[in-house]
Amino acid sequence: MKQRLLVGLSTMSLIMAGCGNGDENGEEFTSAAATSTDAKLNVQMVKSLVEDQTDHTVEIVEDLPASPQIFAGIERGEFDIASLYSGEVHNNYFDEVEYTTDPDETLEQAQTFFGEEYDIKWYDPIGFINNYSIGVQESFAEENNIETVTDLGEYADELTLGTDNAWIERDNDGYRGFQEAYGYEFADARGMDVSLMYDGIANGEVDVVTTYTVDPQIIENDLEVLEDDQEFFPPYESSLVATNEVVDSHPEINEILESMVDLISTEEMTDLMYEVEIEERDTKQVADEFLQEKGMLD
Amino acid sequence: MEILSGFFEYWTESYASILEYTYEHIAISFTVILLGISFSIPLAVYMTKMKNNKIKNMIFNIANIFQTIPPIALLAVMVPIAGIGFAPAVIALFLYSLLPLLRNTYAGIESIDPEIVEAARGMGYSTLQSLFKIELPVAFPYVMSGIRVSSVYIISWTALAALIGAGGLGDLILAGIGYNDQFMIFTGTIAAILIAVLLDLILGRMEKRIYGSS
């Protein structure tokens with residue numbers, strides 16, 4: 001018995017040693033994504049492209065609670081590449097950033113401020129936008145002829161809002177700002193986990209949700225996204241970022257990240273997320289298929 | 001110094017919402033604690049009188065299992081059953097309060113020398129008389145420590161109830177995580193600690209007063 005174990009162990013170590021030889025020239029990079037599926041797909045695509053085109057490997061760290069944890073990781077040198085949104089520049093990081101909902105201005109602010117503060121390169125948007133938006137059940141919108149967020153105001157005093165825990169307390173683009181911009185509030189506003197928010201509106205426990213524009217749950221739960229007619233919500237354009245250290249020392253990585261600019265439209269990302277979240281398919285498979293379709297991967 | 005003034009500014013700006021979160025937190029956790037006490041302690045007393053060991057073990061095992069389910073999972077499981085908000089949070093946390101209350105009360109009464117109970121019976125005490133005059137007073141410190149332990153647990157776990165729309169100080173903590181605001185995180189945490197410490201102090205006082213007089 002003991003002998004067999006020994007033979008087994010030595011064979012295994014031989015195999016493992018054999019595998020190690022391939023990556024002599026490669027380095028390992030770490031790529032971070034928060035809990036949202038779109039960010040996970042982004043970094044998965046980075047991983048596939050980098051590992052296909054170079055000798056480097058990319059390790060993915062995902063399900064980080066929110067962007068502050070990603071920035072903290074970048075600051076500590078734990079993450080080299082990440083997926084982030086331009087609108088986060090209004091998330092209480094910089095006092096001197098002037099609040100705006102103009103997409104170009106927001107992007108420029110994000111590139112400048114985050115770029116300097118965290119010594120990173122903030123690439124141009126990957127193509128899709130993941131804004132906050134107000135969603136209600138389709139049937140409710142049709143019955144009451146509601147198309148815009150302003151239209152909803154008439155019914156607001158009987159409606160319960162379900163939202164993520166942060167939105168209620170956010171300054172500029174949060175609930176307080178919303179009340180100012182639209183001039184009404186809901187009968188009740190409850191913060192909760194995002195996945196439960198959709199369960200909640202599906203079984204009628206909440207009537208209104210702050211949904212995200214790329215979210216396939218909108219299709220799955222027959223939600224109507226209302227037009228933000230006061231242009232209240234700031235743009236959340238998705239971008240890849242990488243530390244300047246990596247960008248400067250590895251032009252091949254920079255090239256790959258550049259090649260991903262304008263790669264995925266909002267509709268395309270919604271479809272991909274539908275595959276992952278609703279069809280429960282593997283993130284890597286879905287990401288690779290998309291890259292193959294685009295001719296970026298064999 | 002800057003941190004202190006930051007806190008001060010945050011508190012003066014949003015004391016109304018902080019109070020509201022604190023109130024929600026207290027409402028959830030105190031409801032759970034009261035429910036837990038009024039259910040578990042009589043049950044534990046009844047269990048000490050039970051002859052059937054199988055049922056006894058089963059009850060302990062069930063309480064034990066609840067204790068091992070990660071709180072987030074139990075809260076999430078509650079949503080399809082009890083919906084979103086106050087009710088599922090109370091039910092889930094109530095299940096957590098069972099074990100420490102049951103165990104402590106049971107152990108307290110079981111630890112009494114059977115001869116004392118026997119002697120009481122010999123003196124003509126009825127079962128109820130012996131329970132209220134002898135067994136419960138002797139077991140009282142155990143029962144109280146069960147109540148104190150589970151209270152502290154419940155107050156801290158109530159923070160997770162914010163994930164299922166029940167509100168409470170967890171809302172503040174999660175909002176702070178998502179919105180990059182340490183003041184929110186710390187305020188939520190400190191307030192939860194304060195509630196737990198204060199309640200523990202009050203329970204300690206109560207224990208001394210009652211125990212001292214009995």
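Backbone N, Cα and C define each Cβ position, glycine as well.
Automatic prediction, not curation, is the source of TrEMBL annotations.
The following features are taken from TrEMBL:
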DOMAIN    B:22-203  domain 'ABC transmembrane type-1'
TRANSMEM  B:26-46  transmembrane segment
TRANSMEM  B:58-78  transmembrane segment
TRANSMEM  B:84-102  transmembrane segment
TRANSMEM  B:152-177  transmembrane segment
TRANSMEM  B:183-203  transmembrane segment
Intrachain neighbours beyond the transmembrane segment (B:152-177), with Cβ under 8 angstroms and 6 or more residues off its ends: 18, 20-22, 24-25, 28-29, 32-33, 36, 71-72, 75-76, 78-79, 84-86, 88-89, 92-93, 96-97, 100, 183-189, 191-192, 195-196, 199-200
Recorded stretch, among B:26-46, B:58-78, B:183-203, maximising Cβ pairs under 8 Å relative to the transmembrane segment (B:84-102): B:26-46
Outside the transmembrane segment (B:58-78), six or more residues from its ends: residues with CB under 8 Å to it: 43, 47, 88-89, 91-92, 95-96, 98-99, 102-103, 157, 160-161, 163-164
Long-range environment of the transmembrane segment (B:183-203) - Cβ separation under 8 angstroms, sequence gap at least 6: 6-7, 10-11, 18, 21-22, 25-26, 29, 144, 147-148, 151-152, 155-156, 158-159, 169-173, 175-177
